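Enquirer: As annotated by TrEMBL, Mg(2+) 2 binding site applies to ASP100, ASP102, ASP154. Residues or ranges marked as compositional bias 'Basic residues' by TrEMBL: 530-539. Among the features that TrEMBL reports, compositional bias 'Basic and acidic residues' is placed at 540-551. The domain 'Poly(A) polymerase RNA-binding' annotation in TrEMBL covers 353-531. The annotation region 'Disordered' is assigned in TrEMBL to 526-565.
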Amino acid sequence: MNYQKIYGITGPVSTAGPTAAENKLNDELIQELKKEGSFESEQETANRVKVLKILQDLAHEFVYRVAKKKNMSDGMARDAGGKIFTYGSYRLGVHGPGSDIDTLVVVPKHVLREDFFAVFDELLRLRPELEEIAPVPDAFVPIIKIKFSGISIDLICARLDLAQIPQSLTLSDPNLLRNLDEKDLRALNGTRVTDEILELVPKPIVFRIALRAIKLWANRRAIYANVFGFPGGVAWAMLVARICQLYPNACSAVVLNRFFKILSEWKWPQPVVLKPIEDGPLQVRVWNPKIYAQDRSHRMPVITPAYPSMCATHNITESTKKVILEELENGIQITNDIFSNKKTWSDLFNKHNFFYKYKFYLTVMASTRGSDEEHLKWSGMVESKVRLLVLKLEALAGIKLAHPYTKPFEAAFTYSNEEESREILDNYGSFKTEEQLNKYQRVTDDNKDTDGIKDKQKCYITTMYIGLDVNVEEKKEKIDIHVPCNEFFNLCRHFNEEYQNSNKYSLVIKYVKQYDLPSEVYELGESRPVKKKSKRRKQDKSAEFPKRAKGETAPGSSIAEATQA
């Protein structure tokens with residue numbers, strides 16, 4: 001019997017269909033998802049289709065132009081083709097309003113990656129629909145991030161060893177992967193994995209509703225971000241798919257309850273796999289903890305089904321694993337209460353309490369005095385390295401947990417001179433000093449192109465937060481976070497020569513106590529934490545960090561105090 005018929009590497013736990021009560025809960029779940037804005041309007045869907053059609057035409061023109069540069073005949077250049085594929089949430093059918101489209105441009109062998117960042121980039125910039133563009137050619141998977149007709153799109157490119165890329169091409173054949181470099185293999189992996197997931201679930205509609213709910217839950221609980229050490233979209237999709245395989249006839253509501261129960265009791269690091277791991281035609285690495293020490297280090301492995309199988313959750317750290325398991329436990333309690341009519345689905349989607357949870361926070365502030373495109377590259381690089389700082393911090397004896405927040409905060413101000421830009425950076429990120437910024441003009445999407453702002457110098461700031469659970473029982477020892485922070489600072493500064501320009505690119509790392517977190521981290525209607533007057537002040541002081549001078553003003557120091565010196 002074909003593995004796809006039994007859905008997964010084991011038989012089902014239960015083949016029972018839903019009861020009337022479960023169907024009722026399922027209908028309530030769908031209504032709650034609609035209320036929460038999980039589904040986009042028909043107009044938004046039509047706009048996405050239109051944009052993808054434009055991108056397909058651009059891909060064809062791109063391949064044609066490169067072919068003509070290489071002296072191909074007009075007919076051969078036209079026949080060379082080029083095709084757009086999607087992957088991720090859009091391809092899975094679980095995208096919502098405002099979500100981006102992950103897009104892959106597949107090109108024939110005469111088109112090089114450099115052409116993608118030259119010719120295709122140029123074609124995009126000529127389009128009136130283009131609102132933002134940020135090419136990142138040196139990323140792990142080279143990418144062009146754009147905003148096009150109001151839609152965020154991540155564009156990656158893969159070159160196949162074929163002379164032509166027809167519109168009928170599919171990517172399921174592993175032999176298409178022959179003679180490709182690592183970056184092309186990684187680029188193709190997204191579409192191949194997404195397509196296989198859809199083939200490996202018993203009922204795609206049940207899978208999609210359950211996945212929409214898990215995506216909403218993981219976002220609300222701030223545990224959805226591969227870059228910060230949490231599962232990303234494809235990992236959550238594979239986890240939901242595995243539960244669907246185990247309960248092939250269940251409705252989405254039941255899948256959700258079993259999702260929390262099974263995964264919180266899972267014997268990690270036993271991997272979650274959707275089908276047997278396959279060998280293939282390439283001399284490439286396939287996930288195998290028996291052979292590779294790196295694979296044995298994965299804490300919560302979720303393995304992609306498409307050859308060559310990889311771990312989609314290799315970024316998970318000891319701290320983020322603890323946070324995920326805690327949230328899965330909470331999920332069991334809430335869904336059990338929903339099934340016994342003590343709670344409703346809206347309780348599952350309550351917002352996280354990250355900015356109320358810890359006494360100390362570390363802020364990582366990347367700023368650029370330059371263009372928004374320059375800042376996008378700099379802040380994106382810093383963001384991609386924050387997980388390494390978490391690994392360094394959680395290795396310190398006095399830190400029980402280093403919990404990264406999954407969404408950076410963005411701000412931009414206009415300034416006239418060096419002194420003003422320094423004042424902005426010194427006062428930003430602290431409740432005590434944020435009022436000092438009121439005299440500066442904030443740059444927003446609405447005003448950035450207006451006459452008073454367009455031509456002024458701008459300072460762009462991206463702030464990321466790490467919550468620190470500090471062990472205060474060890475009263476005598478101070479926790480020195482300067483070494484890991486300095487290592488992180490130097491890693492980012494020396495990523496390339498351009499980022500060593502401290503007049504343009506700034507990186508400040510500072511610790512902030514909970515009551516001094518800036519107002520921007522709290523939503524309208526949320527109350528701020530207030531400083532408590534404690535008799536145990538002397539005892540608590542032991543958990544504080546040694547003080548240093550302001551980051552970037554003292555040579556070699558990357559720690560800035562949260563308060564003014």
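Glycine is no exception: its Cβ is also placed from the backbone N, Cα and C atoms.
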Enquirer: Within 8 Å of the Cβ centroid of the Mg(2+) 2 site residues ASP100, ASP102, ASP154, which other residues of the same chain have their Cβ?
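Expert: Near the Mg(2+) 2 site, the remaining chain residues are GLY88, TYR90, ILE101, THR103, LYS145, SER152, ILE153, LEU155.
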Enquirer: Summarise the model confidence on the domain 'Poly(A) polymerase RNA-binding' (353-531) as a single mean pLDDT, whole number.
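Expert: Over the domain 'Poly(A) polymerase RNA-binding' (353-531), the predicted model scores a mean pLDDT of 93.
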Enquirer: Using a 10 Å radius around each Cβ and counting other Cβ atoms from all shown chains, which of the binding-site residues ASP100, ASP102, ASP154 yields the largest count?
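Expert: For the binding-site residues ASP100, ASP102, ASP154, the Cβ with the most other Cβ atoms within 10 Å is ASP102.
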